[in-house]
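Novice: Feature annotation from TrEMBL assigns active site to ASP52, HIS265. The annotation active site, nucleophile is assigned in TrEMBL to CYS55. Annotation source TrEMBL lists site 'Linear diubiquitin binding' at GLU240.
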Amino acid sequence: STEHKLSVAPEVDIMEYCRKEWRGDTPVAKKMRKGYEAVAQKFQSIRRVRGDNYCALRATLFQALSQATQLPSWLHSEEFTMLSENLLSKYDWIKHWQLKEQLGRKMGKISDEIKEYLILLRKKWKSISEIKGPIEKQEACDKLFKNEEEEYSLYEALKFLMLNTAIKLYNDDKNGMRVPVFSWLLFARDTSSNPCQLMHNHLNHIGHSGGLEQVEMFLLAYTLQYTIEVYRLYKYSTDEFITLYPNDPEEDWPVVTLITEDDRHYNIPVRMCQETML
């Protein structure tokens, strides 16, 4: 069965999916059905995302790549591939970064490993964004997310970029510069009062023993310079039903849309409905 190998399952009709998942008359089932109905006003289908602890990274990256038409500016910069060396030279504690488990492979220097992941991220983003046809682009994404070795390397690159963003925000705040509100919240936690703690207690666990917390969704969005729009179905009929990360996004940031029933597992809505012609 190759089904479990598929990180992002083929699309199914949203309401069909909802009826199968949420039968019965409990208040929760009713609320979920209402939530899905609201999503179905805008999207026709849903793709189920594999539910391991990389789920939020997987859903976000898959959506970003499947609609990418160009390389984001932060992937262009000269020093991008030197990031791991530069950070390790300044912050000795980064040598405790938790790399993904390599099977039967001798570990190189940590900065070389991370550099490989960053180069792979740039390469894949570039090649997929250059594909013009939507069907071909989708096929290229599906193929990438079936290749476990590459897929998990990309998540490691994203996590390291999140650490880099957190370090920048932390230093900016210390130097009296304006930082987004989520940055204060990120470092107000007992478990992450500085970037070193954030790495040890949070980032190192993502994909292993935990997923992304709410405040880390902001960090991910900020890192990618994408607005992540999330339909949070259990918040249906409250003003948190559709949540934006960050909540004051830059106007020129692209938007990716996800669906969650519980803020832990994320799926992907696809096929925007054609606006009804009046």
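Heads up, the Cβ atoms here are built off N, Cα and C, so glycines get one too.
In TrEMBL, annotation is done automatically, which means it is predicted and not curated.
Since the structure is predicted, the reported quantities are computational estimates derived from the model, not experimental observations.
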Novice: At the level of the C-alpha atoms, what whole-angstrom distance separates GLU240 (site 'Linear diubiquitin binding') and HIS265 (active site)?
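Specialist: Taking the Cα atoms only, GLU240 (site 'Linear diubiquitin binding') lies 17 Å from HIS265 (active site).
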Novice: Cα-Cα, whole number of Å: ASP52 (active site) versus HIS265 (active site)?
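Specialist: Spelling it out, the Cα of ASP52 (active site) and the Cα of HIS265 (active site) are 8 Å apart.
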Novice: What residues, ordered by sequence, lie under 8 A Cβ-to-Cβ from HIS265 (active site) and sit at least six positions away in the same chain?
Specialist: VAL49, GLY51, CYS55
Novice: Once the chains shown are all counted, how many other Cβ atoms turn up within 10 Å of the Cβ of ASP52 (active site)?
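Specialist: Taking every protein chain into account, the count is 13.
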Novice: State the count of C-beta atoms found within 10 angstroms of the C-beta of GLU240 (site 'Linear diubiquitin binding'), not counting that atom itself.
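Specialist: By my count, 11.
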Novice: If you draw a 10 Å sphere around the Cβ of the residue listed as 'active site, nucleophile', how many other Cβ atoms fall inside it, taking every protein chain shown into account?
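Specialist: Result for the residue listed as 'active site, nucleophile': 21 other Cβ atoms within 10 Å.
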